Amino acid sequence: MEFFRFPQGLDFPSEMEKSYGDPDYTLGPEVDAHGISISYFALDTSVVKITGNQAMILKAGITTIYAKAIGHSVYNTNIPLEQTLTVSPAVLRISSKTDQSKFFGTDDPMLEYILEGFQYDDGSEVITGNLIRELGEQVGFYEILIGSLAAGGNYEIEYHGSHFQIFKKKIVVEAIEKQKIYGQDDPQLSFLVSGINPDEISVVLSGSLMRESGEKIGKYQIGQGNLQTDFNYELVFKESFLEIIPAELSLIFNPSEIVTEWSKLPALPKFVSALTQDGQILELGVTWQTNQLNLMEVGTCVLYGSVGLPQGIVNTEMLKAAQPLKILAKPAPEDVLLSNNRFEPGSPKSIQEIGKLSVIDKADVVHTLSLVKGTLDNSLFVLNGNSLSWKNTGDSKFKNQYSILVEALDRAGNVIQKQFQLKSEFVRLGDIEIFNSFSPDQDGINDSWGVPALSGIEGIRIQIFEKSGQLMHSTVNPSERWDGTFLGRHLLLGFDFIQNRRSEEGLFEPI
């Protein structure tokens with residue numbers, strides 16, 4: 001007959017739940033209620049390790065643990081008690097780190113995480129796989145996912161995610177300093193870029209720089225203008241300057257030669273063309289220095305002028321405009337005219353103006369007039385400026401006609417001479433004041449008689465007759481006066497006289 005033996009009085013439940021990471025525990029007593037030794041063993045020793053009545057959890061899983069009475073001869077069959085041991089995985093908390101990020105266009109960093117809940121001597125070596133993030137490369141936030149991260153069968157992962165941020169990529173744009181010469185077009189504004197590859201510049205950047213407005217000499221700020229990037233970039237701009245420097249004259253184009261008449265200032269150019277060192281052609285106003293020009297000097301000369309410089313142009317070489325001039329020879333005066341050629345040589349005036357001389361000259365009005373010395377009757381006349389006068393020398397003889405030679409000298413040295421015939425005019429009898437009485441009593445008052453107005457007239461004879469016809473006095477010199485004597489005796493008597501002269505005007509009649 002076969003006897004069966006079960007351990008008696010053991011607290012050995014049929015189901016036992018444990019978690020990976022639980023401490024060692026006691027399976028039951030070492031002996032049962034009857035003092036029979038109890039042996040414990042596990043079906044799967046990889047789940048739990050049993051030493052005596054002590055159990056050590058090795059991994060998560062399910063196994064059967066047996067409790068068996070041993071060492072009793074009465075029972076030929078010992079039936080063990082069975083217990084199903086379920087070891088649950090431990091909770092392993094994995095939290096993706098916050099503030100994980102990168103800049104646009106760069107590679108993702110390895111996503112990092114924090115581990116909490118390791119049991120026993122376990123560590124990160126039990127972790128396999130990697131976190132991943134939500135797909136996308138634009139600037140923004142992306143969820144960090146657990147990805148392929150695993151901790152083996154001993155752990156159940158409790159995942160706490162966060163977000164990965166892609167920041168805008170910083171691009172530094174630095175404007176390059178520029179310079180231009182006044183009057184030129186602006187140079188192309190350019191810049192240096194750092195933060196991206198050269199082949200990306202045209203794709204990433206659009207627009208252009210702009211500078212502060214103005215065209216005067218000075219510095220103008222170069223600004224960002226409408227230069228911009230797309231959404232994924234942050235543009236950091238560093239300003240610079242464009243400097244406008246003066247343009248420097250290198251050449252003034254001289255005008256063509258001007259031919260002008262003697263003493264006449266021609267119409268001069270108001271503008272001259274000029275060239276700057278950078279190749280600009282300008283039209284500049286010019287002020288000619290005519291105060292230094294001698295228009296009466298025949299030949300070729302150069303008239304210099306100062307150019308007016310607009311703002312932005314400098315003339316460091318002090319260049320001047322040069323106008324070649326050819327001054328033609330002055331033509332000689334055409335003629336000399338006298339306003340009157342008749343005069344009275346017998347006039348009592350010591351200087352008697354005859355007329356005015358004038359020079360016919362289309363080129364000039366300034367002339368020096370003179371009487372040619374030692375010729376004709378020039379010594380009897382005087383020329384004061386252009387006024388011709390009779391120089392009364394007291395000569396008793398006058399001519400009916402005189403000849404003079406006048407010379408006109410212009411400022412160019414041209415000389416013309418012209419001879420003039422001057423006609424004498426004598427006083428008519430009716431115009432002569434003749435006294436009909438005198439008192440030759442030697443008292444010094446009215447003691448003589450004469451007709452001095454007839455002095456100097458050729459062919460004059462004055463005769464005085466007594467009433468009976470006796471000739472008392474006769475003279476051909478009107479300046480000679482009669483003292484009232486005849487043959488040395490003083491007479492008191494009435495008289496007639498006759499005056500006779502030869503001239504174009506004929507004879508005086510007796511009265």
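Every residue gets a Cβ built from N, Cα and C, even glycine.
Some features that TrEMBL has for this protein:
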type	residues	note
DOMAIN	98-164	domain 'MBG'
DOMAIN	172-240	domain 'MBG'
DOMAIN	263-307	domain 'Bacterial Ig-like'
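Residue counts for the domain 'MBG' (172-240) under DSSP, split into helix (H, G, I), strand (E, B) and coil, are 7 helix, 31 strand, 31 coil. Per DSSP, the domain 'MBG' (98-164) is made up of 3 helix, 26 strand, 38 coil. Here the domain 'MBG' (98-164) has a mean pLDDT of 95 out of 100.
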